[in-house]
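So that you can see what the record holds, here are the features copied from TrEMBL:
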- Cys116: active site (ACT_SITE)
- His256: active site (ACT_SITE)
- Asn286: active site (ACT_SITE)
- 110-188: domain 'Beta-ketoacyl-[acyl-carrier-protein] synthase III N-terminal' (DOMAIN)
- 240-327: domain 'Beta-ketoacyl-[acyl-carrier-protein] synthase III C-terminal' (DOMAIN)
- 257-261: region 'ACP-binding' (REGION)
Amino acid sequence: MTKITAAITGVSGYVPDYVLTNKELETMVETNDEWIVSRTGIRERRILKGEGIGTSFIGIKAVQDLLAKTNTRAEEVDLLICATTTPDMVFPATANIICEAVGAVNAFGYDLQAACSGFIFALATGARFIETGRYKKVIIVGADKMSSIINYKDRTTCIIFGDGGGAVMLEPNTEGLGILDDILKSDGSGAAYLNMKAGGSRYPATAETVARNEHSVFQEGTTVFKFAVKGMADVAAEVMDRNNLTGDDIAWLVPHQANKRIIDATASRMNVGSDKVMMNIDRYGNTTSGTIPLCLWDYESQLKKGDNVVLAAFGGGFTWGSIYLKWAYDTVQN
Ligand code: UT7
């Protein structure tokens, strides 16, 4: 029997219009453009403004565009997984809200939370549904409205994060293209260094938790940085070794966009030149589950059928992972 792999057959993205520049952040906290650019590579990030608008807004925009680009009727979608750390509500799942809004009436949907590794975890999970042969069209969304959980008085976190996301279509492939390998890892001891303490079942919201700013991201930056540099590079190197790939074989590295210095360290460990590294951190900052689909969206026209692509991410949990895939299509230039 021919082996079925799960191939990405379309990509889309969405970023909100509002641009929060480093200059504007200088008016909000004690920071400066030079520090932010040199320590992170970020120049600006997008912010989703408007009352009562959550992560689903980003996901809906991305999925509507994806359906149009791939000539897919919403009723054809079998499954939609939404990777997010900022769901619209604790429940129901944001995936269900997206399915309802786009008319994916035959799909089942659920959310997957793996912080900044969310998109990679969701992509690997979605691929398994395709590989069984039972599901034909699976959409993976990675989206976050990070501004909803950021304390804009904390200069150690508010300069990093932004809002945005994207979506990919997964379909069966029998030409040996698509997702060929993945390595996913987690280590719960990382919870102490990157978390949002309140709002869950352990510390439900009270006036006190709000007053103590426990509904926003806490990060011990330097500790996370050290784990991220090692974790992301190790797992990307492992996926390369396992598939007998050298830096020369890789057409594109698609890294989670948390810090340009972490991305550079990963590329250097993989022996991949900077011209083969997708990077848009300067424009969008860290959109958590959104970074990798937003990179694929930005660079889609440069990807070619058969390209060896390595995705890599590290995030809260800790969670980290890498996916090796062969790109499945050439973009038709309009
Ligand atoms: O995506 C999920 C996983 N997250 C990550 O991968 C993020 C990993 N961590 C990082 O990217 C970096 O640790 C940060 C960008 C968060 C911080 O960079 P850093 O080089 O680790 O800085 P630091 O925390 O060691 O701080 C260095 C100095 C400190 O001042 P002193 O103690 O040397 O006087 C900070 O108080 O920089 C100061 N500082 C700032 N200065 C200007 C911290 N934040 C700022 C700021 N503007 N925004």
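Each residue, glycine too, has its Cβ placed from N, Cα and C.
Remember, TrEMBL labels are computer predictions, not curated facts.
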Separation of alpha carbons, Cys116 (active site) and His256 (active site) (Å): 7
State the mean pLDDT for the region 'ACP-binding' (257-261). 97
Can you give me the Cα-Cα distance between Asn286 (active site) and Cys116 (active site) in Å, rounded to a whole number? 9
Looking only at the domain 'Beta-ketoacyl-[acyl-carrier-protein] synthase III C-terminal' (240-327), what are its DSSP counts of helix, strand and coil residues? 39 helix, 22 strand, 27 coil
Give the sequence-ordered list of residues that share a chain with Cys116 (active site), lie 6 or more positions from it, and have CB atoms under 8 Å from its CB. His256, Ala258, Asn286, Thr288, Ser289, Thr291, Ala313, Phe314, Gly315, Gly316, Thr319
The one of His256, Asn286 whose CB sees the fewest other CB atoms within 10 Å, among these active-site residues: Asn286
